[in-house]
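K.L.:
There's a structure below that I have some questions on.
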Amino acid sequence: MTDPLLDSQPASSTGEMDGLCPELLLIPPPLSNRGILGPVQSPCPSRDPAPIPTEPGCLLVEATATEEGPGNMEIIVETVAGTLTPGAPGETPAPKLPPGEREPSQEAGTPLPGQETAEEENVEKEEKSDTQKDSQKAVDKGQGAQRLEGDVVSGTESLFKTHMCPECKRCFKKRTHLVEHLHLHFPDPSLQCPNCQKFFTSKSKLKTHLLRELGEKAHHCPLCHYSAVERNALNRHMASMHEDISNFYSDTYACPVCREEFRLSQALKEHLKSHTAAAAAEPLPLRCFQEGCSYAAPDRKAFIKHLKETHGVRAVECRHHSCPMLFATAEAMEAHHKSHYAFHCPHCDFACSNKHLFRKHKKQGHPGSEELRCTFCPFATFNPVAYQDHVGKMHAHEKIHQCPECNFATAHKRVLIRHMLLHTGEKPHKCELCDFTCRDVSYLSKHMLTHSNTKDYMCTECGYVTKWKHYLRVHMRKHAGDLRYQCNQCSYRCHRADQLSSHKLRHQGKSLMCEVCAFACKRKYELQKHMASQHHPGTPAPLYPCHYCSYQSRHKQAVLSHENCKHTRLREFHCALCDYRTFSNTTLLFHKRKAHGYVPGDQAWQLRYASQEPEGAMQGPTPPPDSEPSNQLSARPEGPGHEPGTVVDPSLDQALPEMSEEVNTGRQEGSEAPHGGDLGGSPSPAEVEEGSCTLHLEALGVELESVTEPPLEEVTETAPMEFRPLGLEGPDGLEGPELSSFEGIGTSDLSAEENPLLEKPVSEPSTNPPSLEEAPNNWVGTFKTTPPAETAPLPPLPESESLLKALRRQDKEQAEALVLEGRVQMVVIQGEGRAFRCPHCPFITRREKALNLHSRTGCQGRREPLLCPECGASFKQQRGLSTHLLKKCPVLLRKNKGLPRPDSPIPLQPVLPGTQASEDTESGKPPPASQEAELLLPKDAPLELPREPEETEEPLATVSGSPVPPAGNSLPTEAPKKHCFDPVPPAGNSSPTEAPKKHHLDPVPPAGNSSPTEALKKHRFEQGKFHCNSCPFLCSRLSSITSHVAEGCRGGRGGGGKRGTPQTQPDVSPLSNGDSAPPKNGSTESSSGDGDTVLVQKQKGARFSCPTCPFSCQQERALRTHQIRGCPLEESGELHCSLCPFTAPAATALRLHQKRRHPTAAPARGPRPHLQCGDCGFTCKQSRCMQQHRRLKHEGVKPHQCPFCDFSTTRRYRLEAHQSRHTGIGRIPCSSCPQTFGTNSKLRLHRLRVHDKTPTHFCPLCDYSGYLRHDITRHVNSCHQGTPAFACSQCEAQFSSETALKQHALRRHPEPAQPAPGSPAETTEGPLHCSRCGLLCPSPASLRGHTRKQHPRLECGACQEAFPSRLALDEHRRQQHFSHRCQLCDFAARERVGLVKHYLEQHEETSAAVAASDGDGDAGQPPLHCPFCDFTCRHQLVLDHHVKGHGGTRLYKCTDCAYSTKNRQKITWHSRIHTGEKPYHCHLCPYACADPSRLKYHMRIHKEERKYLCPECGYKCKWVNQLKYHMTKHTGLKPYQCPECEYCTNRADALRVHQETRHREARAFMCEQCGKAFKTRFLLRTHLRKHSEAKPYVCNVCHRAFRWAAGLRHHALTHTDRHPFFCRLCNYKAKQKFQVVKHVRRHHPDQADPNQGVGKDPTTPTVHLHDVQLEDPSPPAPAAPHTGPEG
């Protein structure tokens, strides 16, 4: 049976106090010492089964935010315990039932066997008694009547960091235990039984109580018919009735008499009765226990009479009711009486007859041999159980649980258990619906939300709906403008930690690499995408087709956005500030940011925008009935950075993929919980955050498709971050509330469940380019360069800092000298953790993560070379391998020679005698005819070509949009092989403009240049990608495909791109002067289908050639007639000479004809060389030269290898330049900066770029200049490629992107920077002066440039240390950055590992050979041995490195004391304690110390910064110890207690002085002048000042001298008008504290403690001795002699 009352109870436990509302209504009992508050209405609806009416006795309880965060609420309820009825809160509690009576509800239960019924009654009685005791304890605790053993002593609350009851000061291990305990003091009306009006402390106890009243017994015994309400009752039943089955309550009890064991305590007691009965049945004769008396009597009375009359002793009877034994003393009787107890502790002499008392004793534990001291408080004990109980309760918030495998520590044991699973790799919790596994059940509960469709959290600003509350809280940061995460390398800011982590990868290298093809990337999802697309063994991801056209995509969201933008256009977005319209919400957001200056998070801008937004703009259009919106909606996984209503145009991904920004990389594997610093733990669902609300949404009436994980290909690759003004870098996808369009219930899933990976706003090229008059100029001021402070010339480093660095180095080296002197002992010990060794190099570390990072990025030996799949050549960079495959691979050169690709049109070329290409025509078969390659481009594809300047000498081609010409001028369309004509221009004529077209007649461009139109013929645009027509290459950027077909297309080039290699595939037509035409790489282009024709202006001297035969002519009409008549090659198959009408049936005859009749076409280099390379055009006369050529050029042999790494090359000078990186020898330094180079060419390029800044190459379209031709090529491809839609308003330059225009404006038209307020540039009028040479500069930028060029600062590039001269810098580099030098040769290395490797390879065997040749007794035996293995060597550095591989380390032990350390510097600093050496001196005062850390600590005295602030009174100090000491004045805590007396103090030094002066009799410090002895050195120094007439403390104002520093500080106040001390009882102020104390005693005699009436102004600065003391005082008092130990 079920009870509706139980079903109506809330599901969540009351222990979740964070989920409660900030205000509660509780009914307190009548109190005698508290007032009655008025009624307060609660804003929270009650969910209790019996609503309690508001009565006059209600008490308001408020919630306060905890320290963990503003979202966590901690409720402190201040009332006392009591049992009340809902109707009458002022009534007394209900009368309790007598112990013998039972409640009516209990009698209604099912009768049980006698033993079970009695056992359950005992349980109920125990519960009643426990409840009565708890209530009584609560009342007693409220009145302060008693204190438990584990309670905190009043006044020491701040010492313990735990869960403490505010009423009775009791501590608990868990917060839930405290919350449950608080219900004793403050009864919860929701935990009151509606039948008996009894209060309980938890819902589980209330539920058990209700089940017991109803008689529902859910726990059944599997072996009998017994059933119980509680599980514990069933356990007790199993232990008592079924002994054979092991149970929690099953235990063994031994008989103290015969040691027989029993499982039941009752059986033991019955057994003990048998011993007593046996003793009573057969009583033994009583013998006198007095010495020398042999009296014995069976009669008890006679024996007692004998003792009394004979010995005068009264016998003591055993206290047991049935034991007849008699004893002489009470102690002997008590010792015997314990044998009647059933339970005896095996560890001590404790015995009892109560089983629960015996169990309680065992739980308390027993003291051990070792004293256990608490590390957080003075508690100490020998009992490990008491110690664990103390730490667990009193310091529950401390990190007391330590991982034995690593340094992880936590305050919660469950967290440690979960952490331990990291080391074992176990994931015990598995999802029942998928393969997801996790380590903690909380992770599994969060994961289960991925399988549900309920989204209970919705943003009130924009309608964003999600399943996780944490996602909503992170999402609300967008609306609040909380961009809390900022990149430390640029100005990027975002609101999510995972976005920042993804962004930081832009500043890093490519650390991830594919193991199959060496593909490198930065992000893990990129590698997964690559593996899935390139090496996935299964079927590829499915393609989602468009319902209206042939568009397909693997991303379903891209298809939906495509349909909306291209076909349906159901959702259109309008800008309220202009006429801009788009079908993509992200594009609208990007428009607002660029056109109207919207900054994400600017709420004022959003309000202004909302005021101008027309009504109804927030509502989306209603889809027509014939559309198909329902089957296109799918639930997508959402993220915190998601924005609703986002529709992404797929054309943006197709045409402008480089504009896409970074994506979310914070997905968990199998889970959607976000990663990051602040996304680590999801709060409980009961938490309520400001700015959000919790909604319980009903199920929608729309059937959605199943939720599927997006494929890996859905993640787009991150493009480089574009140049944006400061302040515009916002979070991904951030948009204001006015940008969202909540489409209603029917489409809310689409708007709320957009893929977070596609929500990033991207820019869309404007279809209407702005005119010059409309071009905005406001962005020019955005990029004004203000002179930063750090670019100013930095002052040289002070001498003290350089001295400190030198002393630190000396301290590290001095440790070896201390070992040799015998003052320090060095031993090798086995480390705690094992060492990790790299198998490919000598690298050793103790951290596994460091080894993994080294293996991925730093290991030179592990870096697997990139191998060519054809010839096996190895490369270190992907760039070198790509260049090798494109141009240099001999295998590919042989394969591609004479074997054109079937998809590229390669017309037959004329054969020149004596060339390699002439062999291709020996077969006599004509090559395949050319095929047209249509360029499938959309109408909006950005394929405009760059404009050329007007000064070009060549005539420009004009593209005409005229209709189709007459039939007579058009070519027949039914013969596609006969309508492509290639006019061949003469060599050397180049036209930088677009290749003209007229009647599909394409002139062949000259050598060395390829026109943009020719590039269009070589690629096509299909489904968002640019495809090369000559090879399988495809890409997303127009500039990439243009560069590919112009430079790197392997299929178009055929056999080679090397110098001297004959081109076999291009169409070569010899001209009249004997020159050859340049190669032609692409196929011809057909008409786009609209009938447009291109007018061609024929170049002078150009020839037209037939693409299917060698025919060529100078007139177009002759070529057209030739095509109409037909090529003879197609009919007869004869070969034609391209220079004359000669035809031949075979290729050999044609070659013989060309050699005899046209000798000018043959190579004009004299006689034919003897040897010719079969793979290239190289010729030579000697076989050795040819063999060397083939080894270097075609076989990939690199004979010159670096001895320090895997670098190899074919040139010796490259090896020498490379080796200078390792040795530092032969580096060529720059005379103007600290950089060095291996070759003079790199140095010259560096001087051109950095120092001279004299460019050598210039862009013909704008003002850009560079130092290499590649710079200009890259600039043209990126800034002038496509439509020049952005024109400069101040000059004639035009660009294809706004970013290029901004960069041009900064270069060519910079505005003078406005100086910051208060800067020197603003305060000083006129030009700026150089501080070194006095040069006048008009602007700070020019001054910085002048300083950088004329007065360069010599700075080390590795450590940024400045030097006055070039020689000092060179010496610094040799000593510091090549500090590891070989003692036997001139070798030097930057790292210690390199020197170790050098010793092993060069000098270990040599040293052994020299030792063997000396003829010593131990010849050949190395002097150094490894203590862990048989390794031997002769160099200490090698031995240390080897020992580190065993996990061992060197330990330095002081021979004067027990101090030991692993650090060489620390042992040096420690040794100075015994020697008194103090090399570190303060450069501002006479202070000196032994180690630099003390000096750094001392230097705070000379700084005014006080970063430690007291939260109580505002007191500021420089050291944290001062703040801790000051805080004890507010808390009254004195944690330092003398172990020998009751002395307590709040300072450790005061306790040390107390112990030395009060509890030490030895006076080791003696005065040499008077013979008086002292216990501390401080007292001796103070005493020595009495013998000295010197007064070292002199006032710097009046030159008055003082003997004590305090006297000078007090005197200094007389020279000021400050009165820091004041009376708290009146307005009296004084300069000294004793004056105020004297005033209080005189004028306020009623004040018990005069010191309590003294106050100090916290704003008054502290008087420091060095501020008021004269710089050259008299010499100080003589130092105390070292006559004893240090005090």
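Positions of Cβ are set from backbone N, Cα and C atoms, glycine also.
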K.L.:
Of LYS524, LYS594, LYS1397, LYS1524, which one does Swiss-Prot label SUMO2 cross-link?
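P.N.:
Per Swiss-Prot, the residue annotated as SUMO2 cross-link is LYS594.
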K.L.:
Taking only the recorded sites LYS594, LYS1193, LYS1591, which one has a CA atom nearest to the CA atom of LYS1242 (SUMO2 cross-link)?
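P.N.:
Nearest candidate: LYS1193.
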K.L.:
Could you measure between LYS594 (SUMO2 cross-link) and LYS1193 (SUMO2 cross-link) for me? Cα positions, answer in whole angstrom.
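P.N.:
Roughly 53 Å, rounded to the nearest whole number.
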K.L.:
Counting by DSSP secondary structure, give me helix, strand and coil numbers for the zinc finger (1328-1351).
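P.N.:
Residue counts for the zinc finger (1328-1351) by secondary structure: 11 helix, 4 strand, 9 coil.
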K.L.:
Which sequence positions outside the zinc finger (1621-1643), separated from its termini by at least 6 residues, show Cβ-Cβ distances below 8 Å to it?
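P.N.:
Contacts of the zinc finger (1621-1643) (Cβ under 8 Å, skipping residues fewer than 6 from its ends): 1610, 1613-1614, 1650-1657.
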K.L.:
Can you check what DSSP calls LYS1591 (SUMO2 cross-link), collapsed to helix, strand or coil?
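P.N.:
Note: LYS1591 (SUMO2 cross-link) is coil by DSSP, not helix or strand.
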K.L.:
Near the zinc finger (1480-1502), which same-chain residues lie under 8 Å Cβ to Cβ, leaving out any that are not at least 6 residues past its ends?
P.N.:
798-800, 804, 807-808, 811, 1465-1466, 1469, 1472-1473, 1518-1519, 1664, 1666
K.L.:
Round to the nearest Å and give the CA-to-CA distance linking LYS1591 (SUMO2 cross-link) with LYS1193 (SUMO2 cross-link).
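P.N.:
Their Cα atoms are separated by 88 Å.
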K.L.:
Over the zinc finger (429-451), what does the predicted model average in pLDDT?
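P.N.:
Overall, the zinc finger (429-451) comes to a mean pLDDT of 89.
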K.L.:
Only counting partners 6 or more residues apart, tell me which same-chain residues put their Cβ under 8 Å from the Cβ of LYS1193 (SUMO2 cross-link).
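P.N.:
Same-chain residues close to LYS1193 (SUMO2 cross-link) (Cβ under 8 Å, separated by 6 or more) are LYS888, PRO890, CYS1173, ASP1175, CYS1176, PHE1178.
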K.L.:
Six or more residues out from either end of the zinc finger (1508-1530), which same-chain residues have a Cβ under 8 Å from its Cβ atoms?
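P.N.:
Sequence-remote neighbours of the zinc finger (1508-1530) are 1497, 1500-1501, 1546-1547, 1658.
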K.L.:
Through the lens of DSSP with three states only, how would you label LYS1193 (SUMO2 cross-link)?
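P.N.:
DSSP call for LYS1193 (SUMO2 cross-link): helix.
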K.L.:
According to DSSP, how is the zinc finger (429-451) divided among helix, strand and coil residues?
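P.N.:
Its residues divide into 11 helix, 4 strand, 8 coil.
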